Amino acid sequence: MRSATSSLSTSSSPDAAARDHDSSDYADPVRELEFEGKPGDLESSGADPDLDLDLVRTGTNATAETEARVNRRVSRILTGSQQDYEKDGIDYSKCPPMGGDRPFPPRLPDREQFEVAFDGPNDPLHPYNWPTRKRVFLCGLLGLNALGVIMGSAIYASAVEQICQEYHVAPVVAILGITLYVFGFAASPVVYAPLSELYGRQKPLILSSFGFVCFSFATAVSKDLQSILITRFFAGFVGAAPLAIVPACMFDMFDNETRGKAVTIFVMGVFMGPILAPVYGSYITQYTTWRWVEYVVGIYSGVITLILAFTYEETHHPMILVNKARRMREMTGNWGIRAAHEDAQLSLKEIAQKTITRPIYMLFTEPILFCITVYHSFVYGILYLLLEAYPIVFEGKYGFRKNGELPYIALLVGMGVNALYNVYEERFYVAKVRANGGKPLPEARLRTMLIAGIVFPIGILWFCWSGNYPDKVHFMVPTVAGSFIGFGLIGIFLPCFNYIIDSYLFLAASAIAGNTFMRSSFGAAFPLFASFMFNNMGVNWAGLLLGLFALCLVPVPLLLLKYGKQLRQKSKFAFVL
């Protein structure tokens, strides 16, 4: 690791800094960021200088200084701490005596020289430099972990009929098991995401997964409807950590050129869960009881949790440096070695005030996050609306009696086609990133979203109007329409996630937590009115209403393409490279 003295000497001269900038050989500028305040914005907003950030490339010779500043500033923004240890004076006037006739100690040397950092762009400790096989394995494992939690939300739909018969309640009451579960999704990510930025990804993920397994089994053995609904809510609340943390893990492990493909795996898990769950859930309830629906989810998630506990390695960059500093202290006995993130000493009150409230604050004060989240949430609500619409069309109108969820497969086909299309489009994005010096271009992610935004309402209108006339239209017509809906779902959802991650970088977990809060609220509310809307308005007119809403949201990516960068420049949390 380079010494602080050499780092300071190389960065002190403007000419040298310019030469370093020109000769930089970093593959990803995120690892060579220097945070600098924006005075012009501070005067107008009165914001904390550490919250208004511009990211500027620095030379490779200034790596040690740059890493120290990055770690210190990122830790400060994550904790909300305003303390600057380097500028604090020492006042012993109010201190008790040292004892043992010892004098008060002199001021220690500058703490910055004791801070650990990543040792250049090729440091094997940095997740970007982990073997590809390892990163792909962890990415797949995290996707499977999220898949289990998402499947738990939708598989319950196949148990509703038996629960209604067993407890003599109306379907709208039994469906509360889905609504409360998804409301749990909405509530907990705003807690998990900021805590993962403070304490790392590993502990929240494992604790959340273990709690989810426990509450899944608790639902399976519940003796009354009240217990079912309560345990369903807590299963969603406790188990929702992957929804906010996994996308942030993708940022931890993959650079700007490869992150899009990794996020595709996560997004496919988010959408495949609700689609696959009713398919195999209907077979489970056909041959066993509804309780085995929950047992299967608990067993699956239990296996994934065990694998996660024994194989997952911490990916959060500040926490990796904390572990590095701890090991170096143990090896050398030098207690002065430290990581900047170790200064994050917060009380529970401070955590509640400065971190847990951050996702909601960001959601309602960041225009780009709010706009993209509204679109995101509507699409996610449509996904859960389809859980009610498909049985109404195929079982109610076309007379499918058993396993009427099989037309869901067309949705999966459309999703898969769009996922492959996004992987193909990724090469054009990578070319633009390379032309931009390796810096992320969030707005470039939105091109595919324009196409999907048009295909999505076409699929809704096609499905609802053809499915309303079973005596005139073959069932394959609305089935094929599902592939267009699936194409649009992934085509809107995936660019949204990538756009949020590229815009907020180190604060991606908090931004996605705010997104998840609103998105899950929509997903919880839509199933409650689905049956009333389709039965009272008719499938065709209900579909027209949804299609018109979808068309009204098409301009969102167009507005972000035009004004997104300007809004990010004015933001207190978004990054502009």
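Using N, Cα and C of the backbone, Cβ positions are placed for all residues, glycine too.
Bear in mind that the values here come from a model prediction, so they are computed numbers and not experimental data.
The compositional bias 'Low complexity' annotation in TrEMBL covers 1-16.
Annotation source TrEMBL lists compositional bias 'Basic and acidic residues' at 17-41.
Feature annotation from TrEMBL assigns domain 'Major facilitator superfamily (MFS) profile' to 132-577. Averaged over the domain 'Major facilitator superfamily (MFS) profile' (132-577), the predicted model has a pLDDT of 88.
Taken from TrEMBL, the feature region 'Disordered' covers 1-52.
The transmembrane segment feature in TrEMBL is assigned to 136-157 (among others).
For 169-193 (among others), the entry in TrEMBL reads transmembrane segment. Under 8 Å from some Cβ of the transmembrane segment (169-193) lie the Cβ atoms of residues 152-154, 156-157, 159-161, 163, 204, 208, 225, 228-229, 232-241, 243-245, 248, 356, 359-360, 384, 387-388, 509-510, 512-514, 516-521, 523-525, 527-528, 531, all in the same chain and six or more residues away from its ends.
Residues 142, 145, 148-149, 152, 192, 196, 228, 231-232, 234-235, 238-242, 245, 291-295, 297-298, 301-302, 304-305, 308-309, 312 of the same chain, all 6+ positions outside the transmembrane segment (205-222), place their C-beta atoms under 8 angstroms from a C-beta of that stretch. The transmembrane segment annotation in TrEMBL covers 205-222 (among others).
Cβ atoms under 8 Å from those of the transmembrane segment (228-250) belong to residues 138-139, 142-143, 145-146, 149-150, 152-153, 156, 163, 176-178, 180-185, 187-189, 192-193, 196-197, 201, 204-205, 207-209, 211-212, 214-216, 218-219, 222, 259, 262-263, 266, 270, 301, 315-316, 497, 500-501, 508-509, 512-513, 516, 520 of the same chain, restricted to positions at least 6 beyond its ends. Look at TrEMBL and you will find 228-250 (among others) tagged as transmembrane segment.
For the transmembrane segment (262-280), the residues of the chain that approach it from at least six positions outside its boundaries are 135, 139-140, 142-144, 146-155, 157-158, 243, 246-247, 250, 253-254, 383-384, 387, 390, 403, 405-406, 408-409, 411-412, 415-416, 419, 422-423, 486, 489-490, 493-494, 497-498, 501, judged by C-beta separation under 8 angstroms. Annotation comment: TrEMBL describes 262-280 (among others) as transmembrane segment.
Residues annotated as transmembrane segment in TrEMBL: 292-312 (among others).
If you look up TrEMBL, you'll see 368-386 (among others) marked as transmembrane segment.
According to TrEMBL, the feature transmembrane segment maps to 406-424 (among others). Below 8 angstroms of C-beta separation, residues 260-261, 264, 267-268, 271-272, 275-276, 278-279, 386, 390, 394, 400, 448, 452, 459, 475, 478-491, 494-495 of the same chain, each at least six residues beyond the ends of the transmembrane segment (406-424), sit close to that stretch.
Within its own chain, the transmembrane segment (444-463) has Cβ neighbours under 8 Å at 260, 379, 382, 389, 393, 414, 418, 421-422, 425, 429, 432-433, 477-478, 481-492, 494-496, 498-499, 502, 543-544, 546-548, 550-551, 553-554, 556-558, 560-561, 564, counting only residues six or more beyond its boundaries. If you look up TrEMBL, you'll see 444-463 (among others) marked as transmembrane segment.
TrEMBL lists 475-497 (among others) with the feature transmembrane segment.
For 504-529 (among others), the entry in TrEMBL reads transmembrane segment.
Sequence annotations record features per position, and here TrEMBL assigns transmembrane segment to 541-561 (among others). Counting same-chain residues at least six beyond the ends of the transmembrane segment (541-561), those with a Cβ under 8 angstroms from any Cβ of the stretch are 368, 371-372, 374-375, 378, 382, 385, 443, 446, 449-450, 453-454, 456-458, 460-461, 463-465, 468, 495, 499, 533-534.
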